Amino acid sequence: MGAMTASPGRRVLLAAPRGYCAGVDRAVIAVEKALEQYGAPVYVRHEIVHNKYVVQTLEKKGAIFVERTEEVPEGNIVMFSAHGVAPVVHEEAERGKLATIDATCPLVTKVHKEAVRFANDDYDILLIGHEGHEEVIGTSGEAPDHIQLVDGPEDVAKVEVRDPSKVVWLSQTTLSVDETMETVDALKDKFPQLISPPSDDICYATQNRQLAVKQMGAEAELVIVVGSRNSSNSKRLVEVAKQAGSRAAYLVDFADEIDETWLDGVTTVGVTSGASVPDVLVEQVLEWLSRRGFEDVEIVKAAEESIIFSLPKELRRDLREEAASLVAERGGSGTAGA
């Protein structure tokens, strides 16, 4: 059967922003630069970001992903993923005589620092997040004696604190904004003196991607979210789409996972992607839809993003030293080829 022609009634609403956030971009580039700088293999503790395509691409270039620090042979380089790690992991790396590169997203590092500061002031810290997620494990490890995990409003009833006047909430950076505030409201009902973090812990990229989906959800009968099933922020986009009024929303890693029956009775399809997703995967989804008559694409713009994070300091240091060495070999700064 040949490709369908575009129908005036069929269209795609394409979310903007979508895909890579600054923290993911930094982490992926860090692995690529480390492979260039040190050669393969470069070990990465946990998936650098939660995206199957990205991980497979980096594996082909020589990255080796491990779940435990002890899996890295002594004397090698290990990079910590964008989700962050607990202090005990740094200690494990030191015992294993491993050189470390910390690719933790700076916005996650901010939450870690808040946890340490409030723990030092002897606050009970209520961490809103999903049990077992790597980011939550890392943040909890910063102050294990002070942090309690609150996995949604239904967890609030069982929360106990030592002093109701010294309680603060923090959150995983990739949650649904609405769901988090529902949990915060429930916590405030129980602990009226609950303190909020100095600034919102849910990252700008998570909020912007959810806002774009909210704007398209009322018009799109179907929303396709490109992202992996272990990606918290991608799964939240599916939930947000349904809450915004979309009849159906699905998470796919690749275009070939889309079921044609999803298009039955659909004239408007919303398309977005999680913060760990390269745009090439979205382009493949758009091509798939175009071949089925959904050729008209409208951008739904919720925000501008211009944030860029610098590479991990360990990598910047070694790149600077290499550049200085090359200059010295060529007879001094700025004189080569003069």
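Note: Cβ is positioned from N, Cα and C throughout, glycine not excepted.
Worth saying up front: this structure is predicted, and the values here are computed from it rather than measured.
Annotated active site, proton donor per Swiss-Prot: Glu135, in sequence order, evidence recorded as sequence analysis. As annotated by Swiss-Prot, [4Fe-4S] cluster binding site applies to Cys21, Cys105, Cys203. The feature dimethylallyl diphosphate binding site is assigned by Swiss-Prot to His50, His83, His133, Ser231, Ser232, Asn233, Ser276. Look at Swiss-Prot and you will find His50, His83, His133, Ser231, Ser232, Asn233, Ser276 tagged as isopentenyl diphosphate binding site. If you look up Swiss-Prot, you'll see His50, His83, His133, Thr173, Ser231, Ser232, Asn233, Ser276 marked as (2E)-4-hydroxy-3-methylbut-2-enyl diphosphate binding site.
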> If you measure from the Cα of His133 (dimethylallyl diphosphate binding site), which of the binding-site residues Cys21, Cys105, Thr173, Cys203 is the nearest?
Replying inline: Thr173
>> Quick check: of the binding-site residues listed here (His83, Cys203, Ser232, Asn233), which one has the Cα closest to that of Thr173 ((2E)-4-hydroxy-3-methylbut-2-enyl diphosphate binding site)?
In response: Cys203
>> Please report the Cα separation of Cys21 ([4Fe-4S] cluster binding site) and Ser276 (dimethylallyl diphosphate binding site) in Å, rounded to an integer.
In response: 7
> In sequence order, which same-chain residues at least six apart have a C-beta under 8 angstroms from the residue listed as 'active site, proton donor'?
Replying inline: His83, Gly84, Val108, Gly129, Gln172, Thr173, Thr174, Ser232
> Across all protein chains in the structure, which of the binding-site residues Thr173, Ser231, Ser232, Ser276 has the highest Cβ count within 10 Å?
Replying inline: Ser276
>> Let's check the environment of Cys105 ([4Fe-4S] cluster binding site): how many other CB atoms sit within 10 Å of its CB?
In response: 26
>> Between the two most separated Cα atoms in His50, His83, His133, Ser231, Ser232, Asn233, Ser276, the residues recorded as binding dimethylallyl diphosphate, what distance in Å do you get?
In response: 15
